[in-house]
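Colleague: Dumping the structure here so I can ask a few things about it.
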């Protein structure tokens, strides 16, 4: 099928391109005439939510994005942060939600491919990947099929490309039944004096197309990613791109080789809206026009129209502004790697975006208004509604030991081994901590002691209950997970997944979550350096849980002192850093209430950022001085789940006392923030206690390691083997069932 280049512009056609009547009026006023069909497609791609951030830009500007280590914040392909010694880490997280629901394998695979390109476009070699996945209820007929396809797609692309997957999340909730989330993170290493940007410079310079050929896959993908779903979703399958990780690996090597020659003035990967977005962004950032001749674009399908070529989202492609004298040298590199190299246009001084096809001018538009001066909205939002606290007599009871077994074997708290064993976690040979701990850790090649830690976090049920506190908590938990390895948290990337921003109650979630994220990042010196917004995650008016995923990076100065979650040996002292007087108090929005009693009421836990910082800095100091033997942050499932995970990771049991005269349920299952379980060798307990007192950090002794069971207070002991069996069984049992019908 080919799309005609001369279709009449009708209200239905305008609406099908995701443009509102007032936006179309704005186009008419801007260009003084009716747009051509190709121009309509270009406006649709550049002015949609996915490319323009028109609903969120106002609020994103409020986030803290600067810091002493920040080399490049938001606005480029990825953020860049200094990690000393002339090295920097380049990273970003981005969603591929809508495509992954329609076509799970290719949607997830190209999500990984896209984020890897964002990183190596900046001149960095990718060293780590993570993915945060959210699926519908396990008993929904599509869920198993989607899990299987997405996990295979993530693994298939990342493994073949050759980047280790070191962390991530997998969560189930009925609110994702119609819209799953696939948030992909990648990080790479570069030299601080060799970072490449997308801003075009110089007039009359060649614009070069690099990589794979252009096909019809993904035409209209960015527009599809900015729309709600309805019953016609299956018809959108052709808008999903198809990826080839081996071509991408060649593209990586060719780009890095080319970058060493001094030939590259500006470079931009072709992601959402393909050739359109990459050309417009390069030109608009550099205050230059761009002229493209589509007859020179390498294609793999016959009779492609200008519309299709401009909006194709074929993968593994780059656009570059090149030094003309380096043309032959550059071409030789790409030919060597078996990739296309074609001069498809030039930079101009007239701020116009001109497209030529078969001798005709099919588009001539103002480039700034397409790019950095696209429409921006201040959408209405409602005041936040926060649930009232639970009454003290409204904490339902359950057997503490039975609850522990039930939770470790539940859909959302069980082992994710089935998932991450499909990913290559060790490729490149630098992985120090694998999925299953608080954070993934990767050695920095060329340095004896330096490593980087990575974590991805958000608790959507908290954000739903209180978007402001939930936004704070996502940042705080990410910061805490990095700290728990001994890393100094450096910076973060945010992936904001929400429903339809035209609904004031959804816009309210987005606004308050961003406010919470900003406040936490400010307080924790954890700036946001890159990110992505995914809106319209709704099907038939049912929105997802608000899910502002935070991906963070931390610096480990000496990985030989790095902490892990597993108990080291028996007969060590267990302490709870940052504990309130009764160790745990907050049961609202806990997994205990949700998974044991089916209740989702009550407020989200409060995040005291000063407390969070004080306790985290204290724990990191203990790790750096070699005074603790294991560390694990307390999050979902509270103290009980944290201790159980430490026991399961090591095979060593634990006996935990219980503070007298306090209800055991909030003590063990409360989800108070800013707490870490730490173990200390007996000879170091006094030193650690003295340091805690000096720092003003609560550090009660709560128990001892040893034995082959976990005993919580007066509850019966539960053997580590029983916990492991329950923990490891859920995922393989679920996925081993007959595949649910794909309908």
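Cβ from N, Cα, C; glycine included.
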Colleague: What does Swiss-Prot list, out of 22, 494, 571, as binding the same ATP as 53, 92, 531?
Modeller: 494
Colleague: Since Swiss-Prot lists 95, 96, 97, 98, 241, 313, 314, 315, 534 for substrate, which candidate among 117, 303, 323 does it give for that site as well?
Modeller: 117
Colleague: Non-local Cβ contacts of residue 532 (Mg(2+) 1 binding site) (under 8 Å, 6 or more apart, same chain)?
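Modeller: When sequence neighbours closer than 6 are ignored, residue 532 (Mg(2+) 1 binding site) has 92, 93, 94, 95, 183, 494, 495, 496 within Cβ distance under 8 Å.
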Colleague: In which DSSP state, out of helix, strand and coil, do we find residue 53 (ATP binding site)?
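Modeller: Looking at the DSSP assignment, residue 53 (ATP binding site) belongs to neither helix nor strand, so coil.
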Colleague: Residue 531 (ATP binding site): which of the binding-site residues 117, 118, 269 is the nearest Cα neighbour?
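Modeller: That would be 118, nearest by Cα distance.
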Colleague: Of the recorded positions 50, 96, 117, 313, which one sits closest to residue 269 (Mg(2+) 2 binding site) when you measure Cα to Cα?
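Modeller: Nearest by Cα distance to residue 269 (Mg(2+) 2 binding site): 117.
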Colleague: Between residue 96 (active site, proton acceptor) and residue 313 (substrate binding site), how many Å separate their Cα atoms?
Modeller: 13
Colleague: I want the residues beyond 53, 92, 494, 531 whose C-beta is within 8 angstroms of the mean position of the ATP site's C-beta atoms, in chain order.
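Modeller: Nearby residues not in the site list: 60, 74, 93, 94, 493, 495, 496, 528, 530, 532, 533.
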